[in-house]
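Below is one structure, written out as structure tokens; the observations come after it.
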Amino acid sequence: MASSQSDSPPLFDLPVRPDFTIEWKIMREGLAPVAGLDEAGRGPLAGPVVAAAVVLDPDRIPEGLDDSKRLTAEARERLVQEIFEVAAAVSVASLCAASIDESNILKASLEAMRRALDGLCVRPAYALADGRDIPPGLPCPCRAVVKGDQRSQSIAAASMVAKVVRDRMMVRTGTLMPHYGFHSHVGYATERHREAITAYGPVTRLHRMSFSPFKTSGEEDRILASGDAAELIASAFSAADGLNGRDAEKEPV
């Protein structure tokens with residue numbers, strides 16, 4: 001099994017913006033290329049968790065890479081398009097609400113990261129994963145980097161790709177279920193989303209029934225997604241699976 005380690009430097013050491021310092025240190029030890037791993041969608045009540053793996057070209061790093069949460073939606077879209085165009089490799093993977101319910105959100109997030117790394121069209125010699133936990137079963141050594149999307153440009157790029165892809169998936173799903181408002185909250189527990197759940201009930205294959213308020217409310221009824229709605233949910237949630245860098249350059253999702 002590949003060796004792994006957890007990296008938790010002091011928070012006051014955070015750079016103004018993520019840079020390539022960690023990657024260069026690893027590459028100088030003869031471990032190249034380096035992949036960044038991150039996920040989006042751990043907190044929402046609905047939808048998949050999406051992970052991305054990105055191998056940046058050190059000579060073509062997009063300007064303005066940052067923690068995706070610090071950027072506007074327009075800035076994220078622009079940067080993600082550039083990442084798909086200039087990165088050495090990009091891969092995206094997702095796990096649906098049912099998979100999250102079967103295990104838990106942490107295990108599902110780590111599994112999505114593992115699948116994203118496996119989907120890269122190049123074999124990384126090392127990986128950097130955002131957070132405190134390392135995905136099990138990786139084919140290369142990995143370091144967990146706390147606040148990694150604020151420290152490492154590779155992780156920041158993966159964070160942005162995962163966020164944009166997941167948002168697009170939820171917006172596409174919401175086109176057939178406009179009363180839930182997925183186009184605006186993309187599954188998070190906003191007041192509008194909670195009101196829609198109260199009014200219409202949770203949606204099978206979409207809402208995470210192991211999450212509050214479902215687990216604590218004793219809610220048994222679900223809307224069964226059928227016909228076009230079921231097909232859209234299935235296609236939207238699988239749209240990112242198996243995406244690799246060369247395919248992604250033309251159309252991110």
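Backbone N, Cα and C atoms are what each Cβ position is placed from, and that goes for glycine too.
Around Glu39 (divalent metal cation binding site), the same-chain residues six or more apart in sequence whose CB sits under 8 Å from its CB are Val49, Val50, Ala51, Ala52, Ser109, Ala112, Met113, Asp130, Ala162, listed in sequence order. Among the features that Swiss-Prot reports, divalent metal cation binding site is placed at Asp38, Glu39, Asp130, with the record citing sequence analysis.
If you look up Swiss-Prot, you'll see 32-223 marked as domain 'RNase H type-2'.
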Return the residues near Asp38 (divalent metal cation binding site) by Cβ distance under 8 Å, restricted to its own chain and a separation of at least 6 in sequence. Ala51, Ala52, Met113, Ala129, Asp130, Gly148, Asp149, Ile155, Ala156, Ala158, Ser159, Ala162
Can you give me the average pLDDT across the domain 'RNase H type-2' (32-223), rounded to a whole number? 92
What are the other residues, in sequence order, whose C-beta lies within 8 angstroms of the center of the C-beta atoms of Asp38, Glu39, Asp130 at the divalent metal cation site? Leu37, Ala40, Ala51, Ala52, Ser109, Met113, Ala129, Gly131, Gly148, Asp149, Ile155, Ala158, Ser159, Ala162
